[in-house]
Structures are given as C-alpha cells and as structure tokens.
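According to Swiss-Prot, the features are:
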- Glu127: active site, proton donor/acceptor (ACT_SITE)
- Lys101, Ser102, Ser103, Phe104, Ala105, Arg106, Asp117, Tyr159, Gln168: dCTP binding site (BINDING)
Amino acid sequence: MILSDGGIKSYLRRGLMKIEPFDENQVRENGVDLTIGHQYARFKNTEDVLDVTKEEDLSKYYELGFMDDEGIVIKPYEHVLLHTREYIEMPADLVGLVNLKSSFARLGLYIPPTVVDAGFKGEIVIEIIGSSFPVRVRPGVPFIHLVFLRTDSPVLRDYSVRGHYQGQRGIRLPKLPIKL
C-alpha cells in the first residue's frame, strides 16, 4: 500500500520516520519531494578498467565536487551522482521508491530505478543521467519524489544490519570489492 499525505504526516508526527530538515510543503499527495544537496560526483571518461571484485582507487573514475549557489551543469548524456539535502530515517515497515520529479524528466533527465530500503538512515544518493542538452541544477531545488510503500510486516533484517551506505551524508562512492 502506498502511503497518502496523511499517512506520511502520521509517521513523521509519531517519530516513526524522520526527514531533516523538513518542511510540511514537501509532503505531496502520495510522497515527499526532496531537494538537491551540495556535493556531487561526475563520472570520468577513462579507458582504465574497474574490477568490481577488487579494491580500487576510485579517484580515477570520479571527480568529486561541491556546488555553490550557481550549481553545476549536467552535460548531455553525462552521469552524475547527486544527493539529497535531507537526511531520512526509514522504519522497518516502509520501503521508498524514488522518482525524478516530472519537470526534470520533461527536460530529458533520467534516473535509474532506485529503492530506499526499510531501516535505511542517511541522505539518498541518486545517479542522474543528462539530457540531449546541458541542464543546470542547483542545491535546494526539489528534484526527486519519494513514495513510501508499507510492507506486509516489518522486515526481519533491515538495512542497518548489512547496508553499505547506512548513515551516509553527501556522496559516498561505491563500496568495493563487491562480494561474490
């Protein structure tokens, strides 16, 4: 079941879920709008092969930076990691589905399907893929819509048990090696 605005406000009011900083205007009919944070990571063009089963120096593959109020320009078809300004804490009985806000999608920007697991705590990191033309994004602008789905029962082992990105603030690059 998807939570309505009333259900979301009830979870927040009872302290079962947290969003910080939070503005009531972020709650929409069936989800919450989240805004762009200040840090970003650009994927570099390189011929170096990254082996996901080994520890790697990821600075060869990513350029990390911080946005000022002017933001950054996402180049055509470029892949960039952004994060939410908001830190969220998910309860054990909710899962989040992240969608790009329609206005950004209508500009040709795209994000892969993204799930926020039950028990996750942190800022959400999103890969955004550029349009056919350059697009400037700025911190503080609402860019994703988080929809909450209630599980049939609280999960037995939530994200805090084995999640690599628990507690993340800003951009946390992939954790390597990925275990087989």
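Every residue number used here counts from 1 along the chain in the order it is shown.
For all residues, glycine too, the Cβ spot is worked out from N, Cα and C.
Shown here: features listed in Swiss-Prot, placed on the structure.
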{"residue": "Lys101", "record": "dCTP binding site", "contacts (Cβ under 8 Å, 6+ apart)": "Asp33, Pro142, Phe143, Ile144, His145"}
{"residue": "Ser103", "record": "dCTP binding site", "contacts (Cβ under 8 Å, 6+ apart)": "none"}
{"residue": "Ala105", "record": "dCTP binding site", "contacts (Cβ under 8 Å, 6+ apart)": "none"}
{"residue": "Asp117", "record": "dCTP binding site", "contacts (Cβ under 8 Å, 6+ apart)": "Met90, Val95, Asp158, Tyr159, Gly163"}
{"residue": "Glu127", "record": "active site, proton donor/acceptor", "contacts (Cβ under 8 Å, 6+ apart)": "His79, Val80, Leu81, Ile111, Pro112, Thr114"}
{"residue": "Gln168", "record": "dCTP binding site", "contacts (Cβ under 8 Å, 6+ apart)": "His83, Gly122, Glu123, Val125"}
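Farthest C-alpha pair in the dCTP-binding residues Lys101, Ser102, Ser103, Phe104, Ala105, Arg106, Asp117, Tyr159, Gln168: 33 Å apart. Classification of Glu127 (active site, proton donor/acceptor) by DSSP places it within a strand. When secondary structure is read from DSSP and collapsed to three states, Ala105 (dCTP binding site) falls in the helix class.
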